[in-house]
């Protein structure tokens, strides 16, 4: 049996036609889904025979809520979701003045091996389908009772390691027949799989591309990100310049600041020289504490100096505001803790 959420409207129309149903029933079905109705039986404007046929051939792959944590400030909600096969992922809703943003997962676990990230501990279990990625937004919207208007593909998993499902998901949520979320309200974060960035460029999307750089030289990057053994920083920067020229979009470079690893003035100068003249922005992220590592965030004064050094190279940077620290809102932390508790560790 298939997850009907893996179908877009055009595909479901084809299925309806092939199975003797009126094609407009596909739109009716998705109207119910996008308005928070996740049971065939409750879709009252679909004939009973249609509902029964759908139920016989499909299931609505909506995850169940394992855990919901609300931050004390009320600006962050973190969910642990369980899919039909028992696999667990997490997503985070962040509430801003301009609307609600959601950070979603694209894989169960991750195989990229970045040493500062909890998501990669235990490796990659499997890819999420386009429908399973979509379901995170639909379920979160229903849980909080508010619309989500911004999407960040920055949860567990490497989006470009699950390329086809992620691209299909983006096109579904961007479609007027889907959630109608503008492409410029969607950010895709990657550790830098160069061939896939070129593929993404050819999709001609207007999403924001965010590169998890986290170092300004290959030697340092190799210590914290295994992907650096495959693609050098110079290859990534060259690729990003071409991507930006082709799409006209500014690139975001993410840089996790780790005390005594990549937070010194020399690292900031190298980063400034590397990105000078590019249409880009740097997002500085004081590293989150992960029990399995000894990494610590630098002092505030050192973070500010790093920022000031980049400014000398005319590179705009922001220091990411910490949200949901009291609920383990950083990528992979809650899932990891839950798995360890379940295993009695």
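Glycine is no exception: its Cβ is also placed from the backbone N, Cα and C atoms.
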Per Swiss-Prot: S-adenosyl-L-methionine is bound by 157, 158, 212, 213, 214, 288, and from 189, 232, 234, 267 the site also lists 189
Which binding-site residues sit within 10 Å of residue 103 (disulfide bond) - Cα, from 157, 158, 212, 288
none
Let me make sure I understand the structure: which of the recorded positions listed (103, 110, 114, 117, 213) has the fewest other Cβ atoms within 10 A of its Cβ?
114
Give, as a single whole number between 0 and 100, the mean pLDDT over the domain 'Radical SAM core' (96-326).
94
Spatially, which candidate from the recorded positions 90, 110, 114, 117 is nearest to residue 288 (S-adenosyl-L-methionine binding site), comparing Cα atoms?
117
Rounded to a whole number, how many Å is the Cα of residue 213 (S-adenosyl-L-methionine binding site) away from the Cα of residue 90 (active site, proton acceptor)?
23
Can you tell me which of the recorded positions 90, 157, 158, 212, 214 is spatially closest to residue 110 ([4Fe-4S] cluster binding site)? Compare CA atoms only.
157
